[in-house]
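Trainee: Right, I'll just put the structure down here and ask away after.
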Amino acid sequence: MPPAMAPGEATDVGMRRPGCCGGGVFPEESFASWGAYGRALLETGPRLRDRLTARSAVDVEVHAVRGRSGADMRRELNWWDLAWFGVGAVIGAGIFVLTGQEAKEAAGPAVVLSYAVSGISAMLSVFCYTEFAIEIPVAGGSFAYLRVELGDFMAFIAAGNILLEYCIGGAAVARSWTSYFATLLNHHPNDFRIHATSLAEDYNRLDPIAVVVITLICLFAVLSTKGSSRFNYILSIVHFAVIIFIIGAGLSKAKLSNFTADFAPYGARGIFAASAVLFFAYIGFDAVSTMAEETKNPAKDIPVGLVGAMALTTVVYCVLAVTLCLMQPYRDIDPDAPFSVAFSAVGMDWAKYIVAFGALKGMTTVLLVSAVGQARYLTHIARTHMAPPCLAVVSPRWGTPVRATVTMLTATAIIAFFTDLGILSNLLSISTLFIFMLVAVALLVHRYYASGETTTANRNKLVSCIAVILAASVGTAVYWGLAVDGGWAAYVVTVPAWFAATLYLHLGVPKARVPKMWGVPLVPWLPSASIFINIFLLGSIDAKSFMRFAIWTVALLVYYFFVGLHASYDTAKVLAAEAAAARVEEGGHKAVEIAGASN
């Protein structure tokens, strides 16, 4: 029998509800009729208060929620699979497209520093993800982690951004695939796109090739996770061979003056602005955490796979960025297909075909891992009924979430068909940095707070420290984003405030948990630093991207208040009733046993 939980804790008790993945798009009581829906809307306030404080439990996520998919996903992956999934998820459009864009327009040769900053930020987030993925090895990834530590509401907001992140990321990579495919056939990157002059400027280059590529990836992702893994690391090995060629051949044409003459033409502001956009190049590792449910030995395989892949990727990115900027002056770099054009510019026109081929290989693996990861996120979200539960079904035949895969990749294909890469990369970075910041906050809560054990005084200290860390980080980012005179006055206040709050958390608040198998080192410093740097990078993103992010967040809230809140509330209520009935039944059995013994 599950242990009793404190008020406000999880009500999704460890039971499998029959038919929870069927029965229509919204099978919950609140949607049974228009009258029932009207009554549910009138109860929005009390229901919201209930779900704001409702936190799930690890056992619930690992057993009860996962059981709502019917068939189980197959445990077929090891550290080798995860490491190559990590490499395949990350090395793609970011390095082959955004390097040129940001070197030319934002950072110059100092783009290598931008990659280093983004890589450090991503590595800090990798550590946070790894501890959670080991302790909560389910397909929900950060959505499941946030449900356990920050509650249903914050998990839903993150979930919406996670889905946006994957759709936009896949769309951006698919459009880049078209660009490099065109260069492989001696065409301009836009030649295979349809110019619809009646549409807005950033949405009028229609990309049918991107749609075809996404459709083929969808079919492959549906058939087999293990098969996808094998296909991924074969392509990734070929991809690494191409990268080694690019570095070797590119450095043979290097001119040191291209790199040193005007190293940081846009100053520190340009470096960090580029870093915020280039964070796009590192996303994808979170998709690996969604595969924990299909990993044979999560405690061993996940740290090696995730951390190893990210360390290797960061080094590769920095070396490739240096190579590109040594080959050409940053002003001459092509923003659409930088490496292919650079080889043509130095008299190695034949090499552009190898580069384009390698880029296509890399982008294909990114799309494949993204397809696998995003489907598993949606599956777990649907298991909680925050999305239609019919999407949580796992195919007994294939052992994969077919409906979730098709749904996500359909949305990705629509976005890829219309939207320009520049818009996609900026909006994607906001969504990703926001989620990674929340996961770092959740890790602090995970280590320092245990319901029923942490005293009220220590809980208040924890909340205060996190509030100061967030406020100091936001203050630093806002000042950086708005200040144009290069002054440092605000930083003298915000940075010491962040340091003092982290130090007090380290010395003045006792930890509530010690990791059972593998834990993030240097807590609270490492997750606190992750919060700071993720929020700081947000301060370097343009205002229009924040406007689009705000519009998406408002849309999420509308959906939550009118649909998601009531569906998840009904699900929790039904499961709580079933759990109570099970306890009564168990008590009755014990009474019969005692009576029989006394007779």
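Placement of Cβ uses the backbone N, Cα and C atoms for every residue, glycine included.
Remember, TrEMBL labels are computer predictions, not curated facts.
These came from TrEMBL, pasted as-is:
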DOMAIN    518-568  domain 'Cationic amino acid transporter C-terminal'
TRANSMEM  82-100  transmembrane segment
TRANSMEM  112-132  transmembrane segment
TRANSMEM  153-174  transmembrane segment
TRANSMEM  208-224  transmembrane segment
TRANSMEM  231-251  transmembrane segment
TRANSMEM  271-292  transmembrane segment
TRANSMEM  304-330  transmembrane segment
TRANSMEM  350-373  transmembrane segment
TRANSMEM  404-424  transmembrane segment
TRANSMEM  430-450  transmembrane segment
TRANSMEM  488-507  transmembrane segment
TRANSMEM  545-563  transmembrane segment
Trainee: Counting Cβ pairs closer than 8 Å, which of 208-224, 304-330, 404-424, 545-563 has the most of them with the transmembrane segment (112-132)?
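Mentor: So the stretch in question is 304-330.
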Trainee: Take the transmembrane segment (304-330) and find every residue of the same chain, 6 or more past its ends, with a Cβ under 8 Å from one of its Cβ atoms.
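Mentor: Residues packing against the transmembrane segment (304-330) from afar: 79-87, 89-91, 94-95, 99-100, 103-104, 108-109, 111-112, 115-116, 119-120, 122-123, 126-127, 129-130, 133, 243, 246-247, 250-251, 253-256, 258-259, 261-262, 265, 281-282, 285, 288-289, 338-339, 342-343, 345-346.
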Trainee: Flag the pair the transmembrane segment (153-174) / the transmembrane segment (350-373) as in contact if three or more Cβ pairs fall under 8 Å (sequence separation 6 or more).
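Mentor: Contact criterion met.
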Trainee: In terms of Cβ proximity under 8 Å, which residues at least six beyond the ends of the transmembrane segment (208-224) contact it?
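Mentor: Long-range Cβ neighbours of the transmembrane segment (208-224): 170-171, 174-175, 177-178, 181, 192-194, 231, 364, 367-368, 371-372, 375, 395, 398-400, 402, 405-406, 409, 412-413, 416-417.
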Trainee: Let me spell it out: take the transmembrane segment (430-450), skip the flanking residues so only those 6+ beyond its ends count, and list any with a Cβ under 8 Å from a Cβ in it.
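Mentor: Here the qualifying positions are 121-122, 124-125, 128-129, 131-132, 142, 145-146, 148-150, 154, 158, 161-162, 164-165, 168, 276, 279-280, 283, 286, 458-459, 462, 466, 470, 505, 509-513, 520, 523-524, 527-528, 530-531, 534-535, 537-538, 541, 545-546, 549, 552.
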Trainee: For the domain 'Cationic amino acid transporter C-terminal' (518-568), what does DSSP give as the number of helix, strand and coil residues?
Mentor: 40 helix, 0 strand, 11 coil
Trainee: Grab the same-chain neighbours of the transmembrane segment (231-251) for me: Cβ-Cβ under 8 Å, and only residues 6 or more beyond its ends, written as numbers and ranges.
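Mentor: Answer is 80-81, 84-85, 87-88, 91, 220, 316, 319-320, 323-324, 326-327, 339, 342-343, 348, 351, 354-355, 357-358, 361-362, 364-365, 368-369.
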